[in-house]
């Protein structure tokens with residue numbers, strides 16, 4: 001433990017002052033203290049001093065200096081969470097200033113993808129939704145055996161994963177909700193498939209027939225005299241023996257002796273008679 005020349009403090013004492021000022025939130029005073037340190041490479045490479053410099057740089061909005069510090073020194077694992085927080089928050093602030101609006105969850109995700117954590121403050125293990133994959137594996141394994149852990153089990157899981165009890169509780173709650181939603185969707189799809197199978201057994205013409213009949217009933221235009229005559233003709237053709245209804249101006253229909261059983265001859269005779277009658281009406 002050697003006293004730094006022309007300063008009066010040891011390196012350990014300087015590191016202790018940096019830690020105390022950080023924990024107390026006295027960042028302006030911490031900045032002045034760092035500025036007063038002598039130009040000693042050994043001192044300025046101390047991890048507590050570098051961490052204090054990073055905190056002050058973020059506090060003052062000097063993000064370029066912050067990134068330089070975080071990328072140039074291999075920080076200890078126990079300091080990774082704090083340094084990662086500074087890295088991400090700084091990039092979030094820059095992105096919000098550039099876009100002119102706060103970032104949502106998707107925006108923050110894109111920033112993290114664009115500016116991944118440097119290996120100096122990251123152990124290289126993939127994280128998902130802020131949980132390390134190792135922690136998620138422990139939670140998934142427990143969930144398969146018991147989706148409803150007791151408070152004591154949640155505390156034990158929190159210790160095993162490095163998470164808080166609240167984080168563990170929220171993870172199980174969200175997982176149960178996702179599973180229930182997936183089961184409900186599967187049931188809905190199964191019911192829809194069953195209904196579709198029953199409908200497919202019906203004739204595809206059933207719906208068309210009902211649609212055509214309803215459309216004809218609702219939208220039929222008023223019948224003209226010519227249309228009425230055609231309907232009369234059709235009825236006579238369907239039942240040649242039935243007498244035709246008398247129409248004003250029309251004579252009695254011609255007898256059809258000897259023509260039964262010959263639809264084409266009956267049709268030609270009726271058409272000729274009807275045409276003559278219509279011509280007489282028009283004259």
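Every residue number used here counts from 1 along the chain in the order it is shown.
Yeah, the Cβs are placed from backbone N, Cα and C, and that goes for glycine too.
Per DSSP, the secondary structure of the DNA-binding region (124-183) breaks down as 43 helix, 4 strand, 13 coil. As annotated by Swiss-Prot, DNA-binding region applies to 124-183.
What Swiss-Prot lists as region 'Disordered' is 168-264.
Among the features that Swiss-Prot reports, compositional bias 'Basic and acidic residues' is placed at 179-190.
Summarising the annotation, Swiss-Prot assigns compositional bias 'Low complexity' to 237-248.
Confidence for the DNA-binding region (124-183), expressed as mean pLDDT, is 87.
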